[in-house]
Amino acid sequence: MNKLLSMELKRAAKSPILWLGVIAVIAINVYGILLNGYGFKIFTTTFLLENSDLICIILAVLIPLYLGSDFENRTINNKISAGYTRKEIYIVELIVSSICATVLFVADILSVFTSSNIAGLEFSDKVNVTEFAFHAAIAFVCIITVSALYTMIVMISHKQLISLGIAVILTLALLTLGGKSVSSLNQSSTWTDPITHEIVENPLRIDSFARTANNIHVLVSPFAQAEFHSYLLFESEFGTKEETSLIFKDFPYHIEFCLFNILEILLFYKIGIRIFRKQDLK
């Protein structure tokens with residue numbers, strides 16, 4: 001299996017989509033930090049974990065095109081003929097997809113730090129490096145979960161264009177829904193009326209059942225979590241974590257995201273490998 005993994009990693013490294021994705025996240029960070037002006041003080045943490053939704057979109061294109069070519073070119077049959085089991089093939093593809101996701105995630109983080117260093121930005125006035133490390137780990141597990149979902153879609157559907165269509169449409173739809181839930185959860189209880197300048201109740205604030213429903217959505221959807229990543233460091237600054245948690249409210253980090261994501265990775269793997277084992281590839 002090591003030989004197959006090495007071969008697949010080399011093939012993935014040649015994918016232009018992967019490197020275009022890396023260039024895209026780097027370019028966005030360079031523009032945002034070095035080439036854009038702001039009317040307020042910015043920190044390194046202002047830009048960290050901001051591109052998780054973009055990484056999901058890149059993976060929605062990359063993984064179907066990369067894995068789907070195996071089925072289009074019938075090389076998947078050659079791997080089976082060479083003696084590799086379907087389980088080994090699936091695990092290798094899952095690992096490679098996860099590594100591609102890791103490359104994009106690391107490129108995003110490193111480009112923020114590099115650009116911030118060039119711009120002479122302070123890290124943060126309220127968030128320390130340890131807190132960021134915990135939040136980054138939570139975001140990383142989410143991105144890996146998304147890559148596992150795309151792997152399952154491709155390994156089940158076999159068709160490159162069908163996989164691409166499903167992944168892209170699903171991603172855009174779930175990111176949109178996730179963004180709405182995250183926005184609703186992060187509405188403050190009061191706001192300043194633009195006309196009277198009085199502090200009044202925020203009509204967009206949700207409570208009771210609506211808040212619980214949106215909390216559940218963010219908890220179970222890695223795409224909603226991807227939209228939430230930009231708020232993770234914000235929560236550390238302003239102490240609003242309890243309002244956006246369904247469980248572990250008193251814990252300073254959203255470890256519940258990691259727990260559900262790990263369960264979803266296992267679920268996607270079990271479903272994917274079970275169906276892939278039974279399919280006729282001829």
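In case you wondered, yes, glycine gets a Cβ from its N, Cα and C as well.
Automatic prediction, not curation, is the source of TrEMBL annotations.
Annotated transmembrane segment per TrEMBL: 16-35 (among others), in sequence order.
Summarising the annotation, TrEMBL assigns transmembrane segment to 47-68 (among others). Tertiary neighbourhood of the transmembrane segment (47-68): same-chain residues 11-12, 15, 17-18, 21, 24-25, 28-29, 32-33, 93, 96-97, 100-101, 104-105, 108-109, 112, 115-116, 132, 135-136, 139, 142-143, 146-147, 150-151, 153-155, 158-161, 163-164, 166-168, 170-172, 175, 179, 223, 225-227, 229-230, 232-233, selected by CB-CB distance under 8 Å and a gap of 6+ residues from either end.
Summarising the annotation, TrEMBL assigns transmembrane segment to 89-113 (among others).
Marked as transmembrane segment by TrEMBL: 133-154 (among others).
The transmembrane segment feature in TrEMBL is assigned to 161-179 (among others).
Sequence annotations record features per position, and here TrEMBL assigns transmembrane segment to 251-269 (among others). Within its own chain, the transmembrane segment (251-269) has Cβ neighbours under 8 Å at 90, 94, 131, 134-135, 137-138, 141-142, 144-145, 148-149, 151-152, 219-220, 222, 225, 232, 236, 241, 245, counting only residues six or more beyond its boundaries.
With a cut-off of 8 Å between Cβ atoms, the residues of this chain six or more beyond the transmembrane segment (133-154) that come close are 48-49, 52, 55-56, 59-60, 63-64, 67-68, 71, 90, 93-94, 97-98, 100-102, 104-105, 109, 163, 166-167, 170, 222-223, 225-226, 229, 232-233, 236, 252-255, 257-258, 261-262, 264-265, 268-269, 271-272.
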